[in-house]
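These come from Swiss-Prot:
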type     : residues  : note
SIGNAL   : 1-27      : signal peptide
REGION   : 28-134    : region 'Cathelin-like domain (CLD)'
DISULFID : C83-C94   : disulfide bond
DISULFID : C105-C122 : disulfide bond
Amino acid sequence: MQFQRDVPSLWLWRSLSLLLLLGLGFSQTPSYRDAVLRAVDDFNQQSLDTNLYRLLDLDPEPQGDEDPDTPKSVRFRVKETVCGKAERQLPEQCAFKEQGVVKQCMGAVTLNPAADSFDISCNEPGAQPFRFKKISRLAGLLRKGGEKIGEKLKKIGQKIKNFFQKLVPQPE
């Protein structure tokens, strides 16, 4: 009889221990959203705008590597709030500004707060980020270079054709 009473309490004790351990494990693993919120805070600190920006929406977390030190690609939008930077208020406590600026952000974050690695660029929709402008300029240069090489090859081909035509005897 004593054994039967101890089994449920043993089961309860193990279940509570397991839940406690799982809770500790989850509380130490930072979330994707938390990493993005840290990136938004970093954006607010670096931004030259006078008002704070707040997370508007966030694309779902990409599946893959579970290592919190591995950078994860992110894509989200922020919107200007009514709070000025000088007020030193948390963006989450600020209302969105009517007709506030919305910026599309993309880049990479690490989930580990100790590493706190962000590579984020935010721009208004329709505006190209600086690094994309560099790539488009490079593409233009490559296209022009390819056209010049094509023209040179065409001239070389014509010279070769002319050379062989001169070797063929002409009928008199």
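From the backbone N, Cα and C atoms, a Cβ is placed for every residue, glycine too.
Features recorded in Swiss-Prot, as mapped to the structure shown.
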residue: C83; record: disulfide bond; Cβ within 10 Å: 21
residue: C94; record: disulfide bond; Cβ within 10 Å: 18
residue: C105; record: disulfide bond; Cβ within 10 Å: 22
residue: C122; record: disulfide bond; Cβ within 10 Å: 21
Cα distance (Å, whole number) from C105 (disulfide bond) to C94 (disulfide bond): 20
Distance, C83 (disulfide bond) to C122 (disulfide bond) (CA atoms, angstrom): 19
Alpha-carbon spacing, C83 (disulfide bond) to C105 (disulfide bond), which is rounded to whole Å: 20
C94 (disulfide bond) in three-state DSSP notation: coil
The region 'Cathelin-like domain (CLD)' (28-134) - residue tally per DSSP class, helix then strand then coil: 27 helix, 36 strand, 44 coil
